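According to Swiss-Prot, the protein has these features:
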type	residues	note
ACT_SITE	CYS189	active site, thioimidate intermediate
ACT_SITE	THR191	active site, proton donor/acceptor
BINDING	26-27, LYS78, 132-134, 183-184, MET272, 288-289, 317-320	NADP(+) binding site
BINDING	GLY184, GLY186, CYS189, ARG192	K(+) binding site
BINDING	ASP222, GLY223, GLY224, GLY245, GLY246, GLY271, MET272, SER273, ARG289, ALA290, SER291, GLU292, GLY293	GMP binding site
Amino acid sequence: MPRIEFEPKLDFKDVLLRPKRSTLRSRAEVDLMREYVFRNSKKTYVGVPVVASNMDTVGTFEMAEVLAKFSLFTTIHKHYQVDEWKAFVQRVDSNPQIMSQIGISSGISTSDFDKLRTVCDMIPELEYICLDVANGYSEVFVDFIRRVREQFPTHTIFAGNVVTGEMVEELILSGADVVKVGIGPGSVCTTRKKAGVGYPQLSAVLECADASHGLNGHVMSDGGCTNPGDVAKAFGGGADFVMIGGLLAGHDQCGGEVVEKDGKKYKLFYGMSSDTAMKKYQGSVAEYRASEGKTIYMPYRGDVSRTIHDLLGGLRSACTYIGATKLKELSKRATFVRVTQQTNDQYSAYEVPRID
């Protein structure tokens, strides 16, 4: 018979970080850099572990060039062709600052695998692979991870998405280094409404991080961050990386053209399982499928650098409030308190800084 779990599961909106005594005199003293050695690839990562999503409107080459200046990572979306990858590498002249902060995304079809192998063989500096499916619980996905690990034994593999500890363990033991955590929390994802499936993001991160770290693996919180405070909460919950999409949407570096409506500028932003994405890349929505994503006009925000400064400033502030001198200490210092109200929104909810 159906089973109900009565233990409360929490999202970012359900908690706040409790402030604690601190020896820090300034936010400038906070060190946001992390260094990880991955379980399966044995490679070392150094950077600020905030990751641009591999959505085609966010995970662009242009985004990667800017984010790399801040030591942030970009998972390049899977719809770039081999020639476009070649042109990008030539343009940046294999800049190690950029190449060390990007990964190639791939689906799990035969053609996806062939393109992945071609690009990785062509660009030896490319050391990160992101294997991305909506449902990371499928046996075919686990088999694909094993196949990619066998083909690329020294590449670092991100894989997901899942939301429970036992599946995190399965993916890590199958060859993944970093497991992406999150089903349905994204700002333009409608999976929870269409399928009724999901898991509150903070609880998913807490439980999956515990499972992963027990195997010397890593987790990436993917989705659900509506402001810099949510990013801090994800790190506080044990995430090693935090992937963001909506917070980076609408900028110059995003895919698509700027459009004008009623005198205001916008950029199109949509989920990768939306009607828009499926029609763009597959010609139509298959009869057996339903759209599981929204398409919205995102207010134009100008250059992404301004938003990155705001995001990193919020992270430093969170660390300062709870007495963490380094981002590494955030999860150790974090205590969450349950709340019924986050903020006083009498005038406006949080908005990412943008250029009107």
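Just so you know, glycine gets a Cβ as well, placed from its N, Cα and C.
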Between SER291 (GMP binding site) and THR191 (active site, proton donor/acceptor), how many Å separate their Cα atoms? 9
For GLY246 (GMP binding site): intrachain residues, at least 6 apart, with Cβ closer than 8 Å: GLY186, SER187, VAL188, CYS225, THR226, PHE269, MET298
Nearest by CA distance to SER26 (NADP(+) binding site): which of the recorded positions is it, out of CYS189, THR191, ARG192, ASP222? ASP222
Looking at the recorded positions VAL133, CYS189, THR320, whose Cα is closest in space to that of GLY293 (GMP binding site)? CYS189
Tell me the Cβ neighbour count for GLY293 (GMP binding site), meaning other Cβ atoms within 10 Å of its Cβ, over all protein chains shown. 21
Other residues with Cβ within 8 Å of the Cβ centroid of GLY184, GLY186, CYS189, ARG192 at the K(+) site? GLY182, ILE183, PRO185, THR190, THR191, GLY198, GLY223, GLY271, GLU292
For each of the binding-site residues (LYS78, ARG192), count the other CB atoms lying within 10 A of its CB, then report the residue with the highest count. LYS78
Listed recorded positions VAL133, ILE183, CYS189, THR191, ARG192, THR320, filtered to Cα within 10 Å of ASP222 (GMP binding site): ILE183
In terms of DSSP three-state secondary structure, what is the assignment for SER26 (NADP(+) binding site)? coil
Per DSSP, three-state class assigned to THR191 (active site, proton donor/acceptor): helix
Spatial neighbour of ALA318 (NADP(+) binding site) that is closest, considering only the recorded positions CYS189, THR191, ARG192 and their CA atoms: CYS189
Hey, how far is THR191 (active site, proton donor/acceptor) from MET272 (NADP(+) binding site), Cα to Cα, in Å? 11
Reduced to three states, what secondary structure does DSSP give SER291 (GMP binding site)? coil
Integer Å distance between the CA atoms belonging to LYS78 (NADP(+) binding site) and GLY224 (GMP binding site): 22
